[in-house]
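A quick write-up on the structure given underneath.
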Amino acid sequence: MFKKIKHYLLGKPLVTKAVSEERLTNAQGLAIFASDALSSTAYATEEILLVLAGGGLAAVFFSVPIAVVIGLLILLVSFSYHQVIHAYPQGGGVYNVARRNLGEFPSLLGASSLLVDYVLTAAVSVAAGVAAITSAFPSLFAHRIFLSVLVILFLMWMNLRGVRESGRIFSIPTYIFIAVFLGMIGYGIWRQLSGTFPTVSSAGAPLESLGAIGVFLVIRAFAAGCTAMTGIEAISNGVQAFKAPESENAARILTRMAVLLGIIFIGITLLAYWGHAAPVQGETIVSQIARTLFGRTPFYFLIQGATALILLLAANTPFAGFPRVASQLARDGYFPRQFLNLGSRLVFGNGIIALSLTAAFLVWFFNGDVHALIPLYAVGVFLGFSISQLGMVVHWIIEGKGRVGNISLNITGFFATAVVFIIVFFSKFVHGAWLLIPALLALIIFMKAIKRHYAKIEKSLELDEMPLPAVLPDKTMVMLISRLDRSALHALQFAKSFQPARICAVHVAIDQEAGERLKKDWQKHAPDVPIDIIYSEYRDLIGPILAYLKNLDKRWINDSIIVVLPQVVPEKWWHYFLHNQTTLRLRVAIDQDPEIPAQILEVPVKTTTKLRRSILQ
């Protein structure tokens, strides 16, 4: 039943050799990976103006130079990531670069910032996309959290269905966004050149001119606008998602994305400056510009719809990157191994689910407020940029001579992104950026603890040079029974098939008369197997059995003790909830007690009619 529902919702399983068919074309790759970066143009200008608005019109003038500087920084970082793509075509971005060149801690720091960035990308993009919808339809504002969680669940479902299917569906909205925004920017430039550019009706009255705090204000605005650069690294993390040749295709898409990102971001900032747009509650800057240029015409709603879709699609980019990074961490022992392998639809399903749940929690925790989430967002991005660039500098030095140009590019990229990281971190520190420190440290501690656990397990299971014993130890089999029924007799026959040296049954009785009755019945049906009845005055089942097994191990110190647990398998999955799971509790208790070196053998007994007959034979 469960399998049928799963196949209906997610599709039938795909064979492993079909993985190459599930990779993205360049057109799909731009839609999936560039949507994150392109979507930031919907709110990056607004983040700049939120800071500059406090300084008056003189301060707002700096929005355009700030946007141009950020545009140049976008080109510099994208050129630097070209190097990463060609040097590390297996993907993984900052994690692989740092692991190979900088060591464990920088690699885990980079991986942590990357994972946090992906979660925040999903949360911020969905919240911003819903904000675009509520700008056009204010009556939905009160339901923004519900809508955001609904979108995240939809993205999770689509990505669990497979990469190619999600790429095919999500491609069209990205190209609609590019077309309508370039059209709006082109139309706005024409209106400005013709001297007919209108003023945004919601713009406030002119404020006081720039004062003594101007430099600090501009720096803060620059830090806020750097959110436009979020998502540039996504392509370097998912190189293997592209069709062959992977590196060339990924680099090609990175170039196109950087050019489009720079044009749209600077264009939106120019339109906002020309129209004197200012941040207001309930309506985004993009909505103000579109409404001013086109009125509430169908084209206005097309722009709002395209904005909402690209923001929602940007939330899809982490679904391509987060699971791959988590898989690489799992491969190296820093993440649970459940994140390592592809699922039935050739996607890393556990990574997709983990990302969805975390992003939904953040949206709920921050009440769907984009501006509350963004301070956390940009800091992690530039930390990853800086670590990646420094790692590439070391990479080229190790490679040897003939790499002066590459080293110069990455050194420039490192210093530029490091300076921006410092500016962004300290300017947003009191606004929530400080939360990144405990979050990253907690992730690193978590990953190192997982690594220690796996290392300890591997050490304990290593093959040593000691030969296997010529004579195997005797087997002592202990049957734990709750009552005498067909499952107990079936387990007894199964235990006898091992031909143990000793076999006995154990029952914990709460009522003395019931215990004596069970003992007589047992001696009647299995007279050749002794039974020990343990009376529990405090109605505890687990404790008396553990004490019994410890004492047994002392009596038969050289024996291999095997605990046999009859396990009834119900006919329907929901029948499990009608049982008290005593067998599971016993197994866990025995496994976790270091003083009981016993092996556990569960004997499943299905309750179908056919098997009920076979137990009696």
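Glycine is treated like the rest: Cβ placed from N, Cα and C.
Taken from TrEMBL as is:
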TRANSMEM  48-77  transmembrane segment
TRANSMEM  108-134  transmembrane segment
TRANSMEM  140-160  transmembrane segment
TRANSMEM  172-190  transmembrane segment
TRANSMEM  210-232  transmembrane segment
TRANSMEM  253-274  transmembrane segment
TRANSMEM  299-325  transmembrane segment
TRANSMEM  346-366  transmembrane segment
TRANSMEM  372-398  transmembrane segment
TRANSMEM  407-426  transmembrane segment
TRANSMEM  432-450  transmembrane segment
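Most Cβ pairs within less than 8 Å of the transmembrane segment (140-160), among stretches 48-77, 253-274, 346-366, belong to 346-366. Between the transmembrane segment (299-325) and the transmembrane segment (432-450), fewer than three CB pairs separated by 6 or more residues in sequence fall under 8 Å, so the two stretches do not touch. Contact counts against the transmembrane segment (432-450), taken as Cβ pairs under 8 Å, peak for 108-134 among the stretches 108-134, 172-190, 253-274, 372-398. Within its own chain, the transmembrane segment (253-274) has Cβ neighbours under 8 Å at 26, 29-30, 33-34, 37-38, 40-41, 44-45, 48-49, 60-61, 63-64, 66-68, 70-71, 74-75, 78, 81-82, 85, 178, 181-182, 184-185, 188-189, 192, 197, 228, 232, 235-236, 242, 285-286, 288-289, 293, counting only residues six or more beyond its boundaries. Per-stretch counts of Cβ pairs under 8 Å to the transmembrane segment (372-398) identify 407-426 as the leading one among 108-134, 346-366, 407-426. Here the transmembrane segment (346-366) has Cβ contacts under 8 Å with residues 14, 16, 18-19, 22, 118-120, 122-123, 126-127, 145, 148-149, 152-153, 155-156, 159-160, 162-163, 315, 318-319, 322-324, 326-327, 338-339, 372-373 of the same chain, all six or more residues outside its ends.
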